Amino acid sequence: MAQPSVILATASYDHTIRFWEAKSGRCYRTIQYPDSQVNRLEITPDKGFLAAAGNPHIRLFDVNSNSPQPVISYDSHTSNVMAVGFHCDGNWMYSGSGDGTVRIWDLRTGTCQREYESRAAVNTVVLHPNQKELISGDQNGNIRVWDLAANSCSCELVPEVDTAVKSLTVMWDGSMVVAANNRGTCYVWRLLKGTQTITCFEPLHKLQAYDGYILKCLLSPEFCDPNRYLATASSDHTVKIWNVDGFKLERTLVGYQRWVWDCVFSVDGAYLITASSDTTARLWTMSTGEAIRVYQGHHKATVCCAIHDGAESAPS
């Protein structure tokens, strides 16, 4: 089975994962996922596999196969897995769960190599571009930095007490961190010049983006530079695009009648994919804010999406 240059996948409360031809909008593969809902999707750096985070497991599927069965299952969590991602060389995977833990997994064997206790349900985890620190956000409003070399928590922040941190994002060069919470607020920090680690947070901005929940925040990728954007998806049915230079609202992506759960940028930042409770995913062009493609096929809320349209990142 030939590998498409663009891998686009969505998952829904209808217990399916769908793969789409990005340009035509045609669904070319459907995987049944009967065991649970899928909370998050992520594609490996080499474009070979898709990780689906469910309850309480993570399943890895072969992108280039028609097999409905996962290649491997990761089974140590005891509650919903809300976050999943990969080291840049694809050797290990990280996850965060409602069971209050952040875990690191050997991708090939499926064994859990490390476990960090957050003491509250973990909603979001991101890997710093230095590949040496994980940052987690939890239901109690805590943000923690996990130093993988020291194997310990090196920093704790609580931007708003008892207000759940729903989503975290880090700028591709490690210069900025954004945390979005349940009250529609984005907290922005930058790194102090000269520091090599993300643990020195300097408050930069507090952005009141919405009145309701922010479900996802995402900073634009490297190849979008010199333009730098923050995308926020919300329960108010919109996605807002903010210019990171001053955090002015650039545009609002409208057309949904339901919650927007997830968003992902194309590798050059020219396009944004969104997933919504209206059962669809959509492809938006950043230059005009128009939806140029609708991916229709799910029967219930589409809650997560993943795209890999860049070059393959070969394992080191």
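In case you wondered, yes, glycine gets a Cβ from its N, Cα and C as well.
Some features that TrEMBL has for this protein:
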type	residues	note
REPEAT	1-30	repeat 'WD'
REPEAT	74-115	repeat 'WD'
REPEAT	115-148	repeat 'WD'
REPEAT	227-252	repeat 'WD'
REPEAT	253-294	repeat 'WD'
Segment-level pLDDT (mean, integer) for the repeat 'WD' (253-294): 95
Counts of helix, strand and coil residues, the repeat 'WD' (115-148), according to DSSP: 0 helix, 20 strand, 14 coil
Long-range environment of the repeat 'WD' (253-294) - Cβ separation under 8 angstroms, sequence gap at least 6: 8, 10, 12, 20, 22-23, 25, 215-216, 218, 220-221, 223-224, 227, 229, 231, 233-235, 237-241, 300-310
Residues of the parent chain within Cβ reach of the repeat 'WD' (74-115), under 8 Å, 6 or more residues beyond its termini: 36, 39-42, 44-46, 51, 53-60, 121-127, 131, 134, 136, 138-139, 146, 148, 151, 313, 315-316
Beyond the flanks of the repeat 'WD' (1-30) by 6 or more, those residues with Cβ under 8 Å of it: 36-38, 41, 43, 47, 50, 52, 61, 63-66, 273, 275, 279, 281, 283, 293-309
